[in-house]
Amino acid sequence: MIALRHAGICLALTLAAACSLVNAPDPVKGEVDGEGGSGGSGGGGPPSPCGNGVFQTGEECDDGNDVETDGCLSNCKKATCGDGYVWEGVEGCDDGNMVNDDGCTNTCKLGTCGDGTIQEGEDCDDGNEDDTDDCTSACKVASCGDGFVHAGIEACDDGNAENTDACLQGCVLATCGDGFVQVGVEECDDMNQANDDACVGSCKNAVCGDGFVRAGVEQCDDGNLVGGDGCGPGCTPDISLPQCMDYIILDTADRNIAHVDPNVRECDQSVTNGSWYRFMGAAGTRMATSPPPVNVCATHAPGWVQGSYPANEGEVVNATACFNWGGNPCNWSSAIQIANCGKYYVFQLPAPDVCQLRYCGTN
């Protein structure tokens, strides 16, 4: 009996040990389902899914949510530009493609004027804010009238099509003679520089007293409205001498006795006998009354007046024009007439007999 009891105890202990080995945990798979209870199925289940917040093999990330706008997508891939999801705070857009001109660039930034890529609605985009080059900061091709001066192309650009201001329609600066009257600056503009029409060369309306004889309207214009000087206030002659209104002007600088040029030799044999001449401008206002030195006035023998000028307006006197040469102040001479026209003199000069003789002026 004692031996049988011991044998029963040993059998019970053996079976208990065997049961304990069956229910022990697997050191690789972890805890089996149903631990601590009865009826467990035994063995490990399938791998946990993406989104459980546990980083597992095959996943780039796992933040435990289905939000597509953070750094980890719902498919456990890291958020990147071009994945089609806008990463909040990092990307301005994400259209899932690598097209650069569709409103969302390849760097996932919203297409804007100035980003260097021509987007829809833009004519150009040079990536800068310079308004003086070919593409303005508004991403429009530079053109006359856009209000920006295109460097090297336009002289001005005031953003309008007016031709009466300082910048014309062609983006050129307004000037006297361009045919457009600049308001507040010009009185007229007839596209020429003539001084004998209704609009003088300075773009002022022609008036009596402006110093220009208006063709078909004025008979004279001496630049003032004072009478008794040959031209009256109405721009008609106020003296009786016809030669005071009908004369040939001598006004070149080389006719003045102050002009010295030994390489130039002029002669007055082309002077028209019987014609009246007036010295003006750079030539001076009258002939000298003392002998000038030789080789001045662009000639060998300069001419001067020997005698007196008429003292009274309307007076005409006979005088002698002498030509200085060879130590003789009057080596040659010509009979001339001088008329007093009020504020100036006119001379009736015959052609000299020889060259180089010339009638010379002085200031």
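Including glycine, each Cβ sits where the backbone N, Cα and C put it.
The signal peptide annotation in TrEMBL covers 1-24. What TrEMBL lists as region 'Disordered' is 30-49. Under the heading compositional bias 'Gly residues', TrEMBL lists 35-45. Residues annotated as domain 'UMOD/GP2/OIT3-like D8C' in TrEMBL: 287-360.
Per-residue pLDDT, averaged across the domain 'UMOD/GP2/OIT3-like D8C' (287-360), gives 94. DSSP labels the residues of the domain 'UMOD/GP2/OIT3-like D8C' (287-360) in these numbers: 0 helix, 37 strand, 37 coil.
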